[in-house]
Amino acid sequence: MPTDVAREVARRVLDPVLRDRALVRLARATLKPQVNTWSPSGVSLGGAGLAIMCAEFDGRFPDAGWDVAAHGLLASGLDEVGDPARPLGLFSGAVGYAAAIWFASRGGTRYTSLLASLDAALLPRMRALALAMPYGPASHDTVNGVAGWVGYLLSRERTPEIDRVVGPVAEALAAVLRPDGRGRMAYRLGGAVRLDLGVAHGIAGPLAALALLEIHRGTGHRDTLLGAGRWLAELATWDSGCLLWPASVEPPGREAVENAGSWCHGSSGIARAVYLAGVATGSPDLVDVAVTATRTLCSRPPVLDSPNLCHGLAGQLAIVAAFARDTGDPLLVATAENLAAELADGFRSGALLGYPDVEQPGTETDNPGLLRGAAGVAALLLSPTPAWTRLLLLT
C-alpha cells in the first residue's frame, strides 16, 4: 500500500540517527555539494522541508503526532531564519521557512503569532526587493528568486499586506517575460550564453508564477503572459513521437542542449507552465499544446532514474496528476495512477531511507530532503495532488 510505504519512509527520514547517517553519506557521495547541504530552516534539504512532509501526514492522520514532529523541526530552524541577512528564496531561504510554518498551521489556526512576526519581517523585504530586482536569473527563478515566492503568497490567506507584495512581484515577473527582458534570465555556460527554459531555474518558472497570480489575483498582465506563452510553445518540436522542449536555448535561437522529462528542467514542467498560461489567458491553443505534449510523454514515458520530486518520478507524477485533475483526460488519469503505483513499488527496503536519489546514472545518494530526497517521495505517496505542490508552481 502506498500509505504504508509513505509512513515507513517518513519514519526513517524523521529518525535522527538514520537522517544523520544519510547526511554523512550524502556529503561524501554527492556531485552537487553546493545544493546538498542541510539547513534547519531549508525547504529543499532541511527541517522546513521535513515539516511540510509532516504537515501532509498530519492532514491525513491528525492525532498521530505528526504535528509534534513538525513543531520540533520548525523550532530548530527559527534562529537561522531570524538572521536579517538570510536570503528570501523559497527552497533555501526565509520565504520557504514561512511556507513551512503556514502548511503546519492547519489553515492558520496555529502559529498565529509566529506567522504575524514573519509577515512583519519578510513582506516589506519582499516588496522592496521586487521593486528593485537585481539582474540575473537567480533573482527571478523558482528555486532562489521571486517566482518561488508566488507559491507561498497564494497559499496564504489574502490580506492587504500580502496584496501589497503581489503587485510588485507580478511586475517583476512580467519584466523578464517580455521580449526585451528575457535576456535577464540568461546565463553563461562554457563561454556561451544560454537561456534555461525549465521551471526550476528558467523562463518557465516566471511564466507559471505569473499565470497563477493572474488566475487567482487578476494582475492585469494577460498580454505579457500570452506573448511569452506562445513564444515558449513555439520552441517545442516533435521527436520520436513526443512533443518536447529543449532544456535551454541560445537566445533568441532554437538550438537544443538537452531535455529530460522532469519538473526542474524538462518538458513535463515546461508543459505545465504553458498550460497555466493558457488557462490564465483563456487561450485554447496554449492549453492544447501543453496537454498534447503531456499526453505524448504518457504514451512514451521518459526515462527517469531518480524517484524524487526535482528530476525524478515523483515530480513526473505530480505534474501528470495535476493535468489529470484539471482535464479529466482518461490517458492522463490512467498514467497518474500507474505512476503512483510505480513510485510505491520502487521502495527499496534495504536502502537507508527507502528511496535513494540518483544524481546521475551510477551515482546514488541518501538524501532525506523534500525536493531531491525521500521526504518529498513520502509526502507525494499520500496524495499526488497535495496543496503544498503549489510551491512547485503546479496549481
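Numbering starts at 1 and runs along the chain as it is shown here.
Each Cβ is built from the backbone N, Cα and C atoms, and glycine gets one as well.
As recorded in TrEMBL:
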BINDING   Cys264, Cys310, His311  Zn(2+) binding site
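Recorded features from TrEMBL, shown on the structure.
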residue: Cys264; record: Zn(2+) binding site; Cβ within 10 Å: 27
residue: Cys310; record: Zn(2+) binding site; Cβ within 10 Å: 27
residue: His311; record: Zn(2+) binding site; Cβ within 10 Å: 27
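The Zn(2+) site is defined by Cys264, Cys310, His311, and by the 8 Å test on Cβ atoms against their centroid, the other residues of the chain that qualify are Ala200, Ser262, Trp263, His265, Gly266, Ser306, Asn308, Leu309, Gly312, Gly315, Leu371, Arg372.
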